[in-house]
Amino acid sequence: MPGPRALLGLGLLVAAARAGGRCRERGWSWNRSWNRGWERGWERGRCLPRRAMHSPGTARHGPPGLRFLGQEEAQAIDQELFTEYGFSVEQLMELVGLICATAIAKAYPPSSFTTSQPAVLVVCGPGNNGGDGLVCARHLKMFGYQPTVYYPKRPSKPLFEGLTTQCKKMDIPFLPEFPAEAAFIDELYGLVVDAIFGFSFTGAVREPFGSILGTLERVTVPIASIDIPSGWDVEKGKADGLQPDMLISLTAPKKAAMHFTGRYHFLGGRFVPPALQEKYALNLPAYPGTDCVLQLT
Amino acid sequence: GPRRPPARSPRAPKSLPGVERGPGCARGLGTALSPVLSGACSQGSRAEAEAMEKELLEDYRFGRQQLIEIWGHACAVAVTKAFPLPSLPRRQPTLLVACGPAQNGAIGLVCARHLRSFDYEPTIFYPKRSPDPLHRDFTTQCEKMDIPFLSYLPTEVQLINDAYNAVVDAVLGAEGTEGTAGTEPCAAILATLRLVRIPIVSLDVPSGWAAGPGGSGDISPDVLVSLAAPKEVARRFQGRRHFLAGRFVPEELQRKFGISPREYPGSDCVVAL
């Protein structure tokens, strides 16, 4: 077997490295040796640039070609991240929380708050969207905001218990009850983060979230929704529902985002592997520099 | 229509009765804990780092995977600041990421993945894989991001110099002791790293440094990314850039371990020291 010297020049050395990966159909991996993988002509498919494919069904919003996902697709992609790509909920939730806090920091920097403290109310729902909110709250604290969390329905799972503890130990207060009136929220906070329901939401809204959403619909301070404005149908939206000022779409916007009329639509999800982006023809635009968020509107 | 926060008199948020607060809310009253002093030897500093990690995991209930994700991401951000894409000398933004068998290596894997998402082209050398399922997951994630794994590191150092813009040293970190630095495959990697001419970015502690006082055999990294707080051995660092990835450390822990607070720019998770 020729040694590295015999490889066809440095360009190929690097190219061979880039062409590598795992070939599941053939059942072997390229990394037994550089040149052997190169000889077998490794599948280049996975090395396509991000925006390789053109896709039908583009929307008016955002860059041309950007796809808006249906609920089932969004769930399928999520599942695939865990089952095929080896990510854990804990990991992705950490990245998502950072994404949300970063987007908020861009649109509503602490200096823009008219209060002496940049107070933020983070309303966390009973599932993963709520977990995203907890991580977001922690990062907001690190960014100099004063977050307060309302978390009425907490899953008794180590992940959520851990995230709650992290927040509490960082001096983030948890409200015992939701402010009774929208006016109280307007007075106390400069921003509300809606981390109640995400892309898995279906059916009727159970209490206490129905009342909470009713109150939120009447606040006048900006609301930033994580992934889906809570209470909205993930594909059709909800004309008489929450009207957030900011939407932070994760991975790719969902169809509901086409009904979003707020000022700021951000996208986050740079962690999505290129192969997955290709498979679903997401046509994601390039993220600026090393930012983890991209402003779509 | 667009909404803006209504004008109101400056006032801190009211504290509602019954608001749950964590034990950290003793702020302002002064904690009784005195900062743990950095030991005069590297072992003392290492004990502190381990104590902090333990507290993050057990008291703060961070998950280990969560922490490694945070650290790996921060290291990648530091690499992008030290070596911005447009500044790289090679036509392709290639990086070699050398990962050891323990936690420092896992941080390297996460770092490589984030570098890939930042449009760099990392290649990983991970000869001795940890059996830890957590580390296996990190490996899978990298493989699925199309990051190649080298089967061997060429002993011909010029090939490395020519193929990559820089090397990320995630081999031993703070875990290196007299024993491990000398065992394979770490010894061979270190031997090669001592000879490369391209810049080295070390994660937390330059590999081999923790084994004892510096000597001519040490690797000389160009960039150091300290995790949480600079380690004692970092005093010997003479490279170009030293970053601190410490934004994630809760304020209470910073006080307890005597970490001086730093201003982090914007929403950056690292700061240049």
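Just so it is clear, glycine is given a Cβ too, placed from its N, Cα and C backbone atoms.
Sequence annotations record features per position, and here TrEMBL assigns (6S)-NADPHX binding site to A:Asn128, A:Asn129, A:Gly130, A:Gly131, A:Asp132, A:Gly198, A:Phe199, A:Ser200, A:Phe201, A:Thr202, A:Gly203, A:Ala204, A:Asp227. Per TrEMBL, K(+) binding site is recorded for A:Asn129, A:Asp194, A:Ser230. The domain 'YjeF N-terminal' annotation in TrEMBL covers A:74-284. TrEMBL lists A:1-19 with the feature signal peptide.
If you take the CA of A:Asp194 (K(+) binding site) and look 10 A around it, the binding-site residues you hit from A:Asn128, A:Gly130, A:Phe201, A:Gly203 are A:Gly130.
Sorted by the number of other CB atoms within 10 A, the binding-site residues A:Gly130, A:Gly203 start with A:Gly203, the lowest. Restricting the average to the domain 'YjeF N-terminal' (A:74-284) gives a pLDDT of 96. A:Asp132 ((6S)-NADPHX binding site) sits 14 Å from A:Ser230 (K(+) binding site), taking the CA atoms of both as reference points.
Apart from A:Asn129, A:Asp194, A:Ser230, the residues listed for K(+), the same chain places the Cβ atoms of A:Val123, A:Gly125, A:Gly130, A:Gly133, A:Ala195, A:Ile196, A:Phe197, A:Gly198, A:Ser225, A:Ile226, A:Asp227, A:Ile228, A:Pro229, A:Gly231 within 8 Å of the centroid of those Cβ atoms.
Sequence-distant neighbours of A:Ser230 (K(+) binding site) (same chain, 6+ apart, CB under 8 A from its CB) are A:Gly125, A:Asn129, A:Asp194, A:Ile196, A:Phe197, A:Phe201, A:Phe209, A:Leu213, A:Leu216, A:Leu242. Sorting the binding-site residues A:Phe199, A:Phe201 by the number of other Cβ atoms within 10 Å puts A:Phe199 first. In sequence order, A:Val89, A:Met93, A:Gly198, A:Ser200 are the residues near A:Asn128 ((6S)-NADPHX binding site), counting only same-chain partners six or more apart with C-beta under 8 A. Its own atom aside, the Cβ of A:Asp194 (K(+) binding site) has 29 Cβ atoms within 10 angstroms in the protein chains shown.
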